[in-house]
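Undergrad: Residues or ranges marked as transmembrane segment in TrEMBL: 28-50, 70-88, 95-113, 125-144, 165-184, 204-223. Positions annotated as domain 'Fatty acid hydroxylase' by TrEMBL: 210-344.
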Amino acid sequence: MMTQEYQYKKREVTLDKDREFRLGEGRISGYSSLILGVLSLLAVLAYLFPSYLTTTELRQAYDAEQLQSLLKYGMYFSLFFGVLTFVLGKYRRMGAAGISLTLIAFALGGYSIPVQDVEPRALSLGVDWLILAFLGSAFVFMTLEKLMPKYKNQVILRKEWGLDLFYFCFNHLAISAILLYANYHVSHFEWALSPEFQNYIQSIPLLLQVVIIILCADFVLYWEHRFFHEVKAIWPIHAVHHSVETMDWLAGSRGHFLQVFSERAMVMIPLYLLGADKAALDIYVTFAALQAVLIHCNTKVKFGWLRYIFVTPQFHHWHHSSEKPAIDTNYSAHLVLFDWLFGTYHMPNDHWPADYGTTRKLPTSFIGQLFYPLTSHISDKKS
Ligand SMILES: [Zn+2]
Ligand SMILES: [Zn+2]
């Protein structure tokens, strides 16, 4: 009834000219040079210290020697864009910083460092994961947001983009710690393993295995997510994810590490017990990773009839809305099924939210948000 009475409004986004990327000004070159410079230096360090700075699980999926040609292009483009800032006259400092970082990367061995055999370590920093995920996500999703934006006036450098980039880096660098914890967590479920059941799962067609994984994972993720919303004591942890007020490809990265760790650990349980083929798992992990970024994107793509099956940007944008009818709805991560079954589905036709965020404001710094689960209770007592 509430949804029928509620007056949906259109979201207003005004163009922030000071933060806009325009061709020919040097800002695009400056940022490109600096980002490529940072990534190049990080990549070179990862080639020099692979056991500390690369991810054991991910290394099996790529060819480190082939990626050196990507590094080569990254380094030369960083220099090219850096020089361009001097030609265009603005953002020279950024260009100079990009060039300097790339020159340091060259001095350390550049793209011709011999690829070494790596001793697997339980804990390392996922520098390789960070670089590849950043390049892939930035390219795919920023292109999508530019070609089919929901809010054309929304700029890439929107409010708090730096904070979300920091979360992106933090959560990617921590990948091996997350996996280590998730594996430790599932080891408590060894008693529930059944080789007969796993053999049966492996005997069914690959695509069906993927569907079963998605269903089981989403069931767990739905309830885990709903707990974070409905158990008052743990809501402040998840509120960090909801504190974003502008949705785009980077917005979904914002998440308290306790939430990230618990989410991965919980979803690992069905994956571990099902024991599906590695190929099915790989398809699921790729699908889940892409969908998680896509659903936060600033894109008007509605996916036609698929939106009645899969979680889409419109569906998850409603989850982030601070408007009354949308609060505590749309918990699913992959399929809309469980929200529909458990009565938390909210998709008011073609409406999109006018406002995003939490009803109670959170601190806007990483440290402030890190301690928010503690400080929010203190301020609760005060009030
Ligand atoms: Zn939520
Ligand atoms: Zn989200």
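Each residue, glycine too, has its Cβ placed from N, Cα and C.
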Undergrad: Between the transmembrane segment (125-144) and the transmembrane segment (28-50), are there three or more CB pairs that fall under 8 A, provided the residues in each pair are separated by 6 or more in sequence?
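TA: Since 3 or more Cβ pairs under 8 Å link them, the transmembrane segment (28-50) and the transmembrane segment (125-144) do come into contact.
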Undergrad: So what pLDDT does the domain 'Fatty acid hydroxylase' (210-344) average out to?
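TA: Mean model confidence (pLDDT) across the domain 'Fatty acid hydroxylase' (210-344) is 95.
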Undergrad: Sequence-remote contacts (6 or more beyond its ends) of the transmembrane segment (125-144), Cβ cut-off under 8 Å?
TA: 39, 42-43, 45-46, 52-55, 58-59, 62, 156, 168-169, 172-176, 249, 289-290, 293-294, 297, 299, 301
